[in-house]
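The structure appears below as structure tokens.
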Amino acid sequence: MSDLTPREIVSELDRFIIGQSDAKRAVAVALRNRWRRKQLGDDLRDEVYPKNILMIGPTGVGKTEISRRLAKLAKAPFIKVEATKFTEVGYVGRDVEQIIRDLVDAAQVMIRENMREEVKAKAHDAAEERVIEALAGKDAREQTRDMFRKKLRAGELDDTVIELEVADNSNPLGGFEIPSQPGGMGGMGPGMMNLGDLFKGMGGRTVKRRLTVAASYDLLIEDEADKLLDAETVTKEALSAVEQSGIVFIDEIDKVCAKSDARGADVSREGVQRDLLPLIEGTTVSTKHGPVKTDHILFIASGAFHIAKPSDLLPELQGRLPIRVNLRALTEDDFVRILTETDNALTRQYTALMATEEVAVEFTDGGIRALAHIAAEVNESVENIGARRLYTVLERVFEELSFTAPDRSGDAVTVDEAFVEQNLGELTRSTDLSRYVL
């Protein structure tokens, strides 16, 4: 659990997301409240529930990115789902309880990785012994083993091919599900049973693999680390992490709104909302790893609400999403900042990609302004897809260079207004063309 202050959280989010200060402040406070709750006594801690958030704003303005970056900062189990992927209980499809099951699986992976890091030193020593055994043989004298150990640590044996026996983690039936009783087995989905999990339980299989010494280390360290981990402890920690600090991001919540004058198929969407109610309010969900209480999981719902309005959500669901945050549409100036100020700016990405072909790319201020202007213009005249438009525009600008870069090794390319005009000019002048190409 992160102990960052709200100001530090917002500052961290500013590195990747431009603007949207209201949304950043709301999620920063929600995350800090997690830490505050942990400082309380046991009697009061269970009474403090998270204040769930509803983000309202057009596509491509940073709703999903804010939540994703927040989860990384919090070092918390996180899952992003689309509300439209789920169906009402009783219908064919995934029910909303699958969200929590997937969150538990994500937590298992996260906790296992963290625990592997803790035992990495021991696992490294054990892996080294296994490599020496493969090189020198099981019955080798200590003197011989020491000689191999010195060569191994000096990197002299990195290209030597050895044969190793490692745990077989493959799961050929992993995605194979068969119908079962409603409610599923061990908390699978409704009426679904995962054959892969059943056979995985039998486990213990090993496979022989031929690898170079250098390539074998990562595999062996992972194998040895897993031997040092206690599966029961991993599961227990994962369930606790989900219950106490899990974050669920539900996108496209506006797509399951039934408009007030709707009839027929639209009305069935309310079923998904009704199923979400107990999940967000607090219920116990059965999973294959054990029961999970959802009382203290933070839910962040988001939607563009172009057609439906937040008031079209079920009143009970509105009440369970008490914090409303409006995200504004992005402007040309925002696009300039996105291309220059963020740590993961597209300009830096393209410069680095071209550098692998020994082509030096430099963006001028005028070039960046031209890219931002075109993106804003097309958003206005065609369809506003926010910052995602920048991907389309830059990909189009670099289309020719990306193709010819291997033949231009050693060249220097300046992306200025002329370069942008040369690669995009015709398209931007023709609305019909930009409608289909950009």
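Start at 1 and count along the chain as shown; that gives each residue its number.
In case you wondered, yes, glycine gets a Cβ from its N, Cα and C as well.
The ATP site recorded in Swiss-Prot includes ILE18, GLY60, VAL61, GLY62, LYS63, THR64, GLU65, ASP251, GLU316, and the single candidate from ARG130, ARG141, ARG388 that the record places there is ARG388. DSSP gives GLU65 (ATP binding site) a helix state.
In three-state terms derived from DSSP, GLU316 (ATP binding site) belongs to a helical segment. Local packing around the binding-site residues GLU65, GLU316 was summarised as the count of other Cβ atoms within 10 Å of each Cβ; on this measure the leading residue is GLU65.
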